[in-house]
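Student: I have a structure I would like to understand better, so I am pasting it below and will then ask my questions one at a time.
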């Protein structure tokens with residue numbers, strides 16, 4: 001037995017943080033780190049944002065939990081605000097992204113059931129996807145490393161290559177219920193789906209009577225410079241799962257749907273004990289207060305351009321370390337020319353936190369509130385880390 005009482009499911013970095021201030025994290029030893037990991041795209045407004053702290057503490061002094069047996073005013077308000085800002089007519093609140101995806105999958109299957117087609121339950125997904133860690137969502141993601149050892153894969157998911165819309169079309173059968181896609185893959189390596197591909201998927205869904213589901217758990221809530229990433233394409237889904245940034249660090253998610261898509265989600269067919277609790281709703285409403293302020297998303301776009309230009313210069317200077325820059329908005333990736341774990345360690349040595357992803361990519365996911373000065377500081381640290389790695393390559397080559 002190890003010395004820890006915790007499951008050994010995480011390869012944790014040897015860092016423990018005492019508190020956070022905006023874009024900065026401070027360890028229990030007083031060391032400061034520039035946080036461009038953002039709790040894996042969760043801390044949309046950074047650490048200890050005063051508006052979020054005030055909303056949470058005010059609600060905490062009043063009411064924490066009553067269950068969904070009763071009306072929750074904050075839930076009704078946040079639901080209406082999400083409806084007003086999106087394609088959706090209905091919202092179901094959850095505690096996480098995986099729960100939001102479970103709700104999305106159930107909504108799609110239930111739709112076909114009440115329409116008289118219970119045989120339509122299969123969902124087409126894409127290589128490199130990550131939709132959560134439940135038995136259904138690891139089946140949807142289709143990655144062997146997450147499926148291994150958990151028994152038979154949950155039936156009903158058909159995976160095709162990333163952005164292979166021809167293959168998606170060929171995968172449609174009389175049993176297909178929906179197509180599920182991340183407009184920008186996060187875990188898969190910061191891979192945006194081209195607008196034309198989303199348009200074709202929408203056409204296929206309309207042609208075959210399928211529902212189009214977006215997973216915007218990581219790329220939503222302003223991360224790309226729009227409230228939701230799919231807005232760049234103008235292609236609306238029927239169902240969408242969100243989480244991470246909407247809670248700003250508090251555990252919450254939501255499944256959004258049109259009236260038509262949600263027609264089967266009647267009383268008793270789905271539920272949650274904690275989803276939509278007063279604390280989460282207070283924080284979610286506070287996040288929207290900030291993100292929906294006039295000019296906020298435009299400023300995210302401006303800062304994203306500043307950061308991307310700086311990263312491109314680093315890639316040009318150190319091609320043996322960084323091959324390419326990916327992403328959109330403040331959801332950016334370094335496609336590494338060496339193992340991304342080495343690059344991640346080099347950045348951590350510079351007291352900059354980032355997140356490894358698939359396809360040998362390092363994710364950079366700063367708060368949407370990051371300042372220009374902090375972006376320049378991050379670029380300086382990334383350049384220093386890249387230079388150290390490039391110098392080591394040169395020394396090794398000279399031997």
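In case you wondered, yes, glycine gets a Cβ from its N, Cα and C as well.
Here the structure is a predicted model, which means the values were calculated and not measured.
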Student: Based on Swiss-Prot, name the residue from 130, 150, 318 that is recorded for the same pyridoxal 5'-phosphate site as 97, 98, 215, 216, 217, 218, 273.
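Tutor: The one candidate that Swiss-Prot places in that pyridoxal 5'-phosphate site: 130.
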Student: Just checking the recorded positions 98, 215, 218, 244, 273: which sit within 10 A of residue 133 (N(2)-acetyl-L-ornithine binding site), CA to CA?
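Tutor: Cα within 10 Å of residue 133 (N(2)-acetyl-L-ornithine binding site): 98.
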Student: Any idea what DSSP makes of residue 217 (pyridoxal 5'-phosphate binding site), helix, strand or coil?
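Tutor: For residue 217 (pyridoxal 5'-phosphate binding site) - judged by DSSP and reduced to three states - the answer is coil.
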Student: I'd like to know which of these binding-site residues, 215, 216, is least surrounded, judged by other CB atoms within 10 A.
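Tutor: Each of the binding-site residues 215, 216 was scored by Cβ atoms within 10 Å; lowest is 216.
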Student: Counting Cβ neighbours within 10 Å across all chains shown, tell me which of the binding-site residues 98, 217 comes out on top.
Tutor: 217
Student: Can you give me the Cα-Cα distance between residue 272 (N(2)-acetyl-L-ornithine binding site) and residue 98 (pyridoxal 5'-phosphate binding site) in Å, rounded to a whole number?
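Tutor: Cα-Cα, rounded: 13 Å.
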